[in-house]
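What Swiss-Prot lists as ATP binding site is Gly7, Pro8, Ala9, Gly10, Ser11, Gly12, Lys13, Ser14, Thr15.
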Amino acid sequence: MIVTIDGPAGSGKSTTAQRAAARLEYVYLDTGAMYRAVALGFLRAEAPATRSGAEAVLPSLTVDVEYRGDTMQVFLGDDAVTDRIRSAEVGRVVSDISTLAPVREYMVEQQRRIGRAQADRHGGVVLDGRDTGTVVFPKAPVKIFMVADIDERARRRLQEYEAAGEEVTFEEVRAEIEQRDQQDRTRDIAPLRRADDAIVFDTTDCTIAEQVDFVVDRVKAQDGRGT
């Protein structure tokens, strides 16, 4: 079983996907974290967010994941970067980098490889991102598109930054999310959009437990299997 959860920044995708996967005894693949690892690779190489920058960085870049219990660990080469990719610095550049055609081609290939392998190994995988149900696994049997009010999304993202020790204001985070929304909706390659057969779920007033229940219930009601 392959389950995709897409939506804008701060809509609750990652936490919901991770906990739903644990409830279902599947594994969780955070595609956004993989893009953040690529962005960190660009920053370390001091490469511009351009096609030429991608062509310089990608040949020597290796992004992979490992699972330790229910937790997904992200690696950039041999370096564990799960915590570092959540920095505000990475957040400011990841959207520009993720729109580059060479980056998206590389990442979609990796996400399909890992997703299929983990679904075969564990019986199912839950992915979250922005194009998992439209590009990565367009035939997934369960697709959910999560949305939420922008102020609520900014509040959630601010909490993530504060937990990581970042000093940013609510206004800065809200502006960052507005910019990310615009970039995600208008980019030429794989813009953020709802798949025609995706279920729309507004999480603005929902608790995490309610969000997880929603996903788990939809998966249990679906007997198909998609790749």
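Glycine is no exception: its Cβ is also placed from the backbone N, Cα and C atoms.
It should be emphasised that the depicted structure is a prediction, and the values quoted were computed from it without experimental measurement.
Within 8 Å of the centroid of the Cβ atoms of Gly7, Pro8, Ala9, Gly10, Ser11, Gly12, Lys13, Ser14, Thr15, where the record puts ATP, the same chain has further Cβ atoms from Thr16, Asp128, Met146, Ala148, Arg153, Arg156, Thr203.
Counting other Cβ atoms within 10 Å of each Cβ, the lowest count among the binding-site residues Ser11, Thr15 belongs to Thr15.
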